[in-house]
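In TrEMBL this protein carries:
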type     : residues : note
COMPBIAS : 13-30    : compositional bias 'Low complexity'
DOMAIN   : 37-72    : domain 'EF-hand'
DOMAIN   : 127-162  : domain 'EF-hand'
DOMAIN   : 165-198  : domain 'EF-hand'
REGION   : 1-33     : region 'Disordered'
Amino acid sequence: MLRPPPPSSVLTAGAAAARPPASVVQPQRQAAHRRRAETLRLRRVFEMFDRDGDGVITPAELSGALCRLGARGEAPPAAAALDAVVAAYIAPGMAGLRFAEFEALHAELAGLGGRQAAAAAAEAEEEKEADMREAFGVFDEDGDGYISAAELQAVLSRMGLPEAACMARVRDMIAAADRDSDGRVDYEEFKAMMAAGN
């Protein structure tokens, strides 16, 4: 004879079926934990900036905190832009930023900062590449895309370095950077040599 399952087991089975799988719950919990940790970290920063403890960061307190962190005083246009962004987040009638506004400002600056940091990194990389090409050009006297032992010796001699006096030493220097063993250093080999030296 078949008996219906007890009501408590039906409820348990229904609750289990309604519960999302652990693979969904775990990332959600981790994300919530990260948000709480970020809010706590931001709250500590807010309290550190709020020198008088009144729950409001005034522009003077923010400016002082940025000076203490070394982020003020170097670029007046950037400072003026930051002041304008901060002012946009101060609620009408308030002397400064409350925590919620500080949090919103932080979110905007973090997003802005991420884009600006990426652009600055790309610009720095382009500048580094241009500097590297210029340095390579100093050694590649004939502009053929390679640094020969004779070209290296001439540059070392102009620089007054003693290595220039011995062609065997100059050839050893070329050989150390010459990965394809063609007796000269191309731009990629030069770049790798410079990176290894740093």
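The backbone N, Cα and C atoms fix where each Cβ goes, and this holds for glycine too.
What TrEMBL says about a protein is an automatic prediction, not a curated fact.
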Close approaches to the domain 'EF-hand' (127-162) from elsewhere in its chain (Cβ under 8 angstroms; 6 or more beyond its ends): 170-171, 173-174, 183-187, 190-191, 194
Within-chain partners of the domain 'EF-hand' (37-72) [C-beta distance under 8 Å, separation at least 6 from its ends]: 79, 82-83, 86-87, 90, 94-99, 102-103, 106
Local confidence of the domain 'EF-hand' (165-198) - pLDDT mean: 90
